[in-house]
Amino acid sequence: MQGGGFKQMFSYGSVFKSAVLRHVRLVNPVLVSRPLMFVRQETTSTARIEEHGFESTKISDILKGKGKGADGSWLWCTTDDSVYDAVKSMTQHNVGALVVVKSGENKSIAGIITERDYLRKIIVQGRSSKSTKVGDIMTEENKLITVTPETKVLKAMQLMTDNRIRHIPVIDQTGMIGMVSIGDVVRAVVSEHREELNRLNAFIQGGY
């Protein structure tokens, strides 16, 4: 369902953009009658609009907007914590996932635990959240789908929809630096989409 919604949103944006640019090229008689060198200028302007569109937005842009402590970017639990305590922490901080680190001094990343893990592996199976450890139900590190700060937002959205996940860790050469949710990604796309429509409108009115 999510994947279909995203595809419709992108399809709408592409159709809108194509229609606007077609309107500029074909309907405006001034543009039609321009000499060749002016047509070349129009093409350059169009390319500039393309390169500033939401296709260029990166995960690093989302992390900057979230800030270091926002929306669970740095919330974690250990493999030895009870599932009950992990879910309680999610509820208190209004997040849907926690990074899981290994117990001990190292504190290296072991995996991730999400609301879905709790529902599928505790509630549905009738297990006790207080006697079950996080390490028993988490998604292990070697199975994690991750992105880097340089990953394009649209690529991250594709990974999340293709793998049916709602949270994705952000990793760089130093380790994990944050986590983004499907909500973060959608908000970023909607914001950039709105700005692109404004740029197209300015282009039509002679703002470029």
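Using the three backbone atoms N, Cα and C, a Cβ is placed for every residue, glycine included.
Since the structure is predicted, the reported quantities are computational estimates derived from the model, not experimental observations.
Summarising the annotation, TrEMBL assigns domain 'CBS' to 70-129 (among others).
What TrEMBL records for 138-196 (among others) is domain 'CBS'. Summarising model confidence by region, the domain 'CBS' (138-196) averages a pLDDT of 88.
Across the range of the domain 'CBS' (70-129), the DSSP-based residue counts are 23 helix, 15 strand, 22 coil.
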